Every structure is written in structure tokens, then in C-alpha cells.
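Structure, as C-alpha cells:
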Amino acid sequence: MRTSVSLCLVVTCIQLTNYVSTVKLSEDANLNTTGLATKYGHPATHYDVVTEDGYILTLYRLHGRSGIPVLLTHGLFDSSDTWMIRGNTSLAITLANNGFDVWLANSRGNRYSRRHKTLNPDTDPAFWQFSFHEMGYFDLPAIIDTVLDKTGANSLNAIGHSQGNTMFFVLGSEREEYNSKINVMIALAPVAYLHHSPPPVSFFMQISPTINSLAKLLDIHELLGDNTPEGRLVHSFCPASKVGHKICLYGIVFPMMGFDAAELELDFFATASVHFPAGSSMKCILHYLQVGHRKIFAKYDYGTKLNRKIYNSTNPPAYRLERVTMPIALMAGRNDRFSSLHDVAVLRRQLPNVVYYLENPRTLMNHADYMLGKNLHVYLTPYVLRVLRKRNNFD
């Protein structure tokens, strides 16, 4: 049912693009992480990282002269591409140009980490039974251990966007021994609480039980992957024409992330919408909706019966943020609809070791500007470099 409806939408949208002017995509639209890294002067080394529960993750390294490791972890439905598609002004390339040893993670389920030792993502629904909890509990320890092993360092620096920092809050809470392995974690658009998010984000949280029931009815496990009907719809319609750009940007991206047309111009959005989305699990989005709906940063809610079996409680336990003792720098935006200042304030009060806090002075700073903003090298990168240099005594 899901497939037939989605395919009809795909065909309809593709037909619509035949009646409007098409757009010539930039070279970067057709380059993967390896290609982008090479083009911008930092050929990447590829590593396969195997987690305790059998997922095979792709990790990339852009070697830096200082040997100071910086791990970048992407957001929901994103990939390592996101840190480089702004070219020479992108965060990954800028960090490498400044001598840092840059590592780009890919969380389980995206286009680069859609592998497992025994499970087939195309035929085994069990492959998709994960959320940001498993990313923090299994993915991050495997990735961190690999980085420290390859570099010989005792600790690393981390920069996480959105889900990429949620994972670290899970890690520090659930596997406390890893707190000492993080020199500093820079949380861009921090996400742990969502109950102050404005519409339309808040609307989806209010109807999260209905969305959960619908996902079960339609048997949806993977969401927005390259080979899913909705993923093909986005990748075919959004970049194909100026009409597609505007519908996707003004109808979906800006309402969800915050309006900032100057920083995410239409021509560049065509390139970005080839790279994003990169796929994840339905369970991951359901977990975030639960967090917003229940107003608690807690583990996944399986329902009363399964909760008793898994947690020995009718409700899922909240994450113990007081255990997250790694040094954390929080960087928030006033126009961010997914990481509101109110929710970041709730998080800040609960974390015991916030060493830096930034409310970005740019009024229109939204959820996407951290990776995709046209001028991120002006209003974001200097703050990131300041924190990294101070925490590493690196000039």
C-alpha cells in the first residue's frame, strides 16, 4: 500500500518537472564524501567500523597536520556529505585547512552505513529497529574507539549537529566511561528536549501516537533512504527545477527548520537536496516525536507491556543527564524551530559541565544554517574554532 501510493506521487512529480524549466546541477551534486574531500584538497581515508551489535559503519578521515582529532557527527536523515557540500567554506574543509585531524561519522541506516554482519536492510525489518539510543549506545563507542586507536590520542573533540549531539547525551548517560574520552563536545543546534518547538513541528508531536499507528499499518521501517519511494521522490523532484526547489524549500524545509532564504539560496538547495535526505529508521523519528509529546528526554516507549519487560517499568526511564560529565559547548539559534532556545535552556540547566554557551547573534540562524548556510564561515566557524583552540591549546 505504501509503495503504490508513493510511486504514484513520484511519477506525478516527475511528470510535473517536464513542464517547467530544468536546472543544471553543480558538480558537487554528483560527488560523494570521497569525491568532495578530494575536490577540496583533503583526500579521505575510509574505515569500516563494526559495532557490538553487528552494524557496519563508514567512517572517513581527512588527515590534519596537528594530529588533533575532531569527530563530526551528522543530524537526522543526514550523512558525512553535509559537512563538505559548501566547499571551501564548509566546516569539515575549514577544520582540515586549519590543521585539525577531521573524522566524519555516518550513523547506522544512512546511505553509507546501511550494512550489517548478518541482517539485510532490504529484507530484514530487524535491521531498522534502532533509534538515536542505539546510535549513542553502540555507534559512538565503536567510532570513538577507532579514532583513538588510529590516532593514538587519549581523547577526541566532537562536533555534533542535532541528532549528532543527541547521541552524545545518550552516550554520556548510558556509558559513563566514555565521558573522559571527550575533550569537548560542541553541540550545534542541541536536541534533547522538543516540547517548546513551534508549529508545524509541535503538531507532529501532538499526533505522534497516530503517526506510530500509521507506520505500523503501512509497515514502514526505513524512511527517506535513497531507495525508498519517498526518498526517490525528494531526490527527483526537489533538485529538478526551480518550481521543485521552491515547493521543497518553502513548503517543507523552512517551515520545519526556520525561514532563512538568504543563507539557503535556491541554486545551492538543488545540490543539497541531492545529498539530503540520506535515510534512517522510522523508529528514530518516532523516538523524537515521543520525546516532544511526553516532554521528557527518555528512552523509547514500547507501550506498557513491553516497557515492563524491557525497563521493569510502565514508562521508559529518563536519560540521566547529570551523568554526562564531558565538557560541552552549546551553540543555539534564535530562529531554530527544531532546537528552540527554550528547550536548549532546559538542557543547559541539567548538564553538569557546560563550558561554553552561544546564542548566535545572527537573528535568522536556523536549524540548517550550521552545515548549509552560505555564510556559515562568518557567523559560526569562528566560534567553533575558538572553542577548539582553547580546549586544545592550539594556535
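Using the three backbone atoms N, Cα and C, a Cβ is placed for every residue, glycine included.
Whatever TrEMBL says is automated annotation, not expert-curated.
Listed in TrEMBL for this protein:
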type     : residues : note
SIGNAL   : 1-22     : signal peptide
DOMAIN   : 69-196   : domain 'AB hydrolase-1'
ACT_SITE : Ser162   : active site, nucleophile
ACT_SITE : Asp336   : active site, charge relay system
ACT_SITE : His367   : active site, charge relay system
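There are 28 other CB atoms within 10 A of the CB of Asp336 (active site, charge relay system), with all protein chains counted. Here the domain 'AB hydrolase-1' (69-196) is broken down by DSSP into helix, strand and coil counts: 56 helix, 24 strand, 48 coil. When pLDDT is averaged over the domain 'AB hydrolase-1' (69-196), the result is 98. A Cα-Cα distance of 8 Å separates His367 (active site, charge relay system) from the residue listed as 'active site, nucleophile'.
You'll find the Cα of Ser162 (active site, nucleophile) roughly 11 Å from the Cα of Asp336 (active site, charge relay system).
According to DSSP, Asp336 (active site, charge relay system) is assigned to coil rather than to any helix or strand.
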